[in-house]
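One structure is given here, and the rest of the page talks about it.
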Amino acid sequence: MANRYKFTALLLACCAVVALFIGQGLTLDNYQFFLSRRIPKLLAIILAAVCISASSLVFQTITNNRILTPSILGFDSLYLLIQALLVVLWGTSSVVIAHPIINFLISCAVMTGLALTLFHFYFSRKGNDIFTLLLLGVVLGSVFSSCANFLIMLIDPNEFTTLQAMMFASFNNVNDTLVYWVSLPLVLCLWWLLRSAATLDVLWLGPDNATSLGVNGPKMVKRCMFIITVMVAISTALVGPVLFFGLITVSLTRQVFQWHQHKYLIIASGLLAVLLLVSGQWVVEKVLGFDTTISVIINFVGGTYFLYLLYKNKV
Amino acid sequence: MAFTPRFAASFALVMLAFLACSSLFIGASELSLHAIWQGNEQAWQILTVSRIPRLLAIVLAGAGLSVAGLIMQQIVQNRFASPSTTGTIDCAVLGYVAGMIFISSDALWLHFGSIFLCAMAGTLILVRFIQHLQFKNAVLVPLIGIMYGNVISAISTFIAYKYDLVQTMATWTLANFASVLQGNYEMLFLAIPACFIAYYFARQFSAISVGKHFATNLGLNYQGLVTLGVILVAAIAALAVMTVGVIPFIGLIVPNVVALIMGDNLKRILPWTAYWGVVLVLLCDVIGRIIIFPYEIPIAMIISIIGGALFIYLILRDKRHG
Amino acid sequence: MITLSKLNKTYGSQRVVNEASMAFEQGKITAIIGPNGAGKSTLLSMASRLTKLDDGAIRIANVALQDWDNAELAKTLSVLRQANNVNMRFSVRELVAFGRFPHSQGRLTPEDENKIDDALAKLDLTLLQHKYLDQLSGGQRQMAFIAMVVAQDTEYVFLDEPLNNLDIKHSVEIMQVLRRLAHDFGKAVVIVIHDINFAASYADNLVAMKQGKVVCQGSVAEVLTEQQMSQIYDIPFAIHDIGDKKVCVYFG
């Protein structure tokens with residue numbers, strides 16, 4: 001079957017890029033130093049790639065829509081607001097900014113805490129639907145972003161440089177210990193999604209047919225939103241906001257593979273995401289010689305791709 | 001009983017006058033009626049260079065953006081549409097950033113042209129897309145619009161990042177009437193003809209909002225009217241972004257609240273939408289100046305908190321009534 | 001046997017279903033008929049747990065609906081609503097395979113494959129099984145969805161307007177399949193249907209509703225009288241016996 005060949009090719013390409021990323025320029029003398037720097041970075045890229053693509057895919061399923069991504073819920077603005085607030089209150093040299101693990105814990109706790117409060121409030125009401133929840137998220141996101149802009153205005157330009165580094169996703173200053181710590185919850189989330197893959201397939205048929213087939217749609221949506229929140233919050237706090245990356249990988253996966261099973265789609269889009277991100281990082285580092293701008297490039301490319309999809313009415 | 005149109009109109013006028021006076025006399029530098037009466041030169045200067053331009057800018061931006069929101073809602077047949085949920089504002093910001101970088105001349109009209117063209121082209125793309133959309137969930141349309149806006153602002157950020165303007169851009173785009181001075185806001189007067197054109201075509205826009213086939217059946221040029229509407233909306237949004245910055249929610253909240261109270265007759269509610277837009281912006285501006293007096297909180301902050309709360313109420317209320 | 005007793009449903013101030021009681025037996029096709037807005041579809045979706053009821057009681061195989069586990073119930077009761085917009089590109093076989101989800105949770109066993117083949121054969125879709133849904137005509141697509149329900153192989157089958165927008169040939173084929181399900185395989189088939197002559201020809205029992213209330217129910221012969229039909233639809237009816245079928249003529 002054609003899908004199978006494409007998948008094998010993708011897998012091989014992925015391995016090749018990863019090997020190139022890890023192995024380039026290694027010698028017997030320097031391998032310890034390079035490996036100790038490259039492995040956490042690679043792990044961060046892989047974790048972020050897989051998380052973002054899987055959460056976007058599942059998000060599109062539960063919203064039954066092919067152009068939305070969870071970033072629309074305003075996580076990026078909230079993340080920015082948290083960082084700006086920390087800088088305004090305690091300055092860039094304080095422990096909440098300078099210490100990556102503490103900063104990570106604060107960001108994660110606030111993001112998941114707020115998202116879950118919103119979900120709890122929303123799902124406990126009657127007659128809810130997922131789009132209204134999204135619109136609520138978007139409105140809050142826009143409020144956060146106004147507040148963040150106000151705080152940015154107040155920040156001293158010298159201190160702003162630190163904040164700007166956090167505004168854009170980067171794999172260069174990822175903390176080693178942090179990467180190993182977050183891999184456990186992320187792998188758990190991913191495992192849960194893979195385990196529920198067949199149930200997610202049923203959601204393609206719409207809520208009534210899903211109920212008829214014994215799937216409790218609202219409960220499934222609630223659980224998925226929870227998992228997606230955790231994944232997005234962790235990956236945002238880990239590498240920074242990457243708005244459109246999920247959109248690109250999921251759309252491309254759908255264009256390349258004629259699958260509808262989540263089991264395969266999750267794996268394929270994860271591989272594609274790793275391939276794109278690792279090769280993108282490699283190109284940015286080695287060819288273009290940029291330092292931290294990969295997320296800006298991702299958003300630019302992803303945004304243009306989104307516009308193309310809109311223009312072609314392909315969504 | 002007392003709520004005759006005449007009473008409503010006079011009440012409205014009194015309230016507007018009161019707010020306008022508060023706007024004129026609240027500010028960092030002291031300004032008293034007495035000083036003006038005596039012809040104090042400094043007082044007059046504050047009044048003519050800063051306070052009156054500020055008041056006029058508020059009036060024009062508030063009215064213009066509310067009317068723009070109202071027109072947008074007719075064009076895409078969705079109550080949650082507005083310049084800020086259809087990407088118009090984000091496209092205008094893109095035009096602004098591009099203009100700042102690529103246009104070396106200082107001529108205001110050149111910058112206005114760049115903002116206006118971006119806003120118009122960007123909005124037209126989205127409107128065309130929405131017209132082709134098969135399942136028009138009431139909430140899906142603004143979601144797609146906002147996604148689209150995010151994409152556009154990612155592109156703006158990319159450009160700003162390349163030219164090391166990220167913090168400057170955040171300051172530019174945050175709406176703030178404090179920077180409005182005599183000489184830099186006069187372009188906003190163009191919003192007046194835009195609103196009058198919208199009023200003149202009100203019935204046609206109403207017909208559009210029922211649907212393409214309905215409008216065509218009445219002998220109207222559907223695409224032509226849609227394009228006219230987009231041009232008006234883009235022009236108003238471009239003017240507001242250029243002179244004031246991004247004022248979120250206003251085009252969304254005001255038309256919805258007015259329609260809630262006064263029904264959907266466009267010709268009748270359009271002037272009231274403009275009026276309440278002015279009142280809301282004035283009120284938020286005055287609040288922003290009072291809270292941490294003598295400093296100011298930018299109006300964008302105040303309005304996004306008040307407007308955000310109102311909008312959430314509207315969404316939830318909408319759901320409850322099915 | 002499914003029994004509904006005194007079901008009520010109110011939307012806003014509108015009472016859509018009003019004290020409706022009825023029973024659906026195995027081995028029979030029960031058709032719910034009535035004018036627009038009679039509450040037929042609401043009743044059907046309450047009986048098949050798609051819509052929550054305001055009050056009243058539903059017992060399925062002698063167990064109250066609220067005591068059923070949703071996943072377990074899916075092996076006993078299936079339901080198909082009218083509008084089935086599927087965003088994804090499924091082949092017919094893939095769609096039908098979803099019917100086996102309650103039994104195998106997505107991991108198809110050889111027995112599942114047999115049931116899928118069987119369902120495809122029953123609806124005459126075997127030749128089309130590898131076509132994608134968007135390549136089919138409206139009638140064929142509806143057949144595919146019904147095949148999914150057939151593959152689910154449940155004791156109770158609920159269908160909301162299965163003949164909507166279908167041509168005569170597809171309508172007759174679908175009704176013949178439903179009749180086989182009921183008479184040969186002993187299932188309880190419940191349909192909401194607009195065409196009263198289709199109901200009269202293929203159903204065993206009729207339930208007639210008007211303004212949320214059950215006006216009359218029973219065998220086709222009991223319900224299908226000129227007086228009762230005229231009362232329900234507010235226009236004069238003439239009922240003729242042609243062969244062994246009753247045919248309503250209501251063209252004034």
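Every residue gets a Cβ built from N, Cα and C, even glycine.
Database features, via TrEMBL:
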TRANSMEM  B:51-72  transmembrane segment
TRANSMEM  B:84-103  transmembrane segment
TRANSMEM  B:109-127  transmembrane segment
TRANSMEM  B:139-163  transmembrane segment
TRANSMEM  B:183-202  transmembrane segment
TRANSMEM  B:222-240  transmembrane segment
TRANSMEM  B:246-262  transmembrane segment
TRANSMEM  B:274-292  transmembrane segment
TRANSMEM  B:298-316  transmembrane segment
Same-chain residue ranges lying at least 6 outside the transmembrane segment (B:51-72) that approach it to Cβ under 8 Å: 20, 23-25, 27, 31, 81-83, 86, 88, 177-178, 180-182, 185, 188-189, 191-192, 194-195, 198, 205, 229, 232-233, 236-237, 239-240, 243-244, 247, 250-252, 254-255, 266, 269-270, 273-282, 285
Contact call for the transmembrane segment (B:298-316) against the transmembrane segment (B:246-262), three or more Cβ pairs under 8 Å: yes
Chain residues outside the transmembrane segment (B:139-163) and at least six past its termini with a C-beta under 8 angstroms from it: 76, 78, 80-81, 84-87, 89-91, 93-94, 97-98, 101, 122, 126, 129-130, 133, 169, 315
Contact set, same chain, for the transmembrane segment (B:183-202): CB under 8 Å, 6 or more residues outside the stretch: 53, 56-57, 60-61, 63-64, 67, 70-71, 108-109, 112, 225, 228-229, 232, 235-236, 239-240, 242-244, 266-267, 270-271, 274
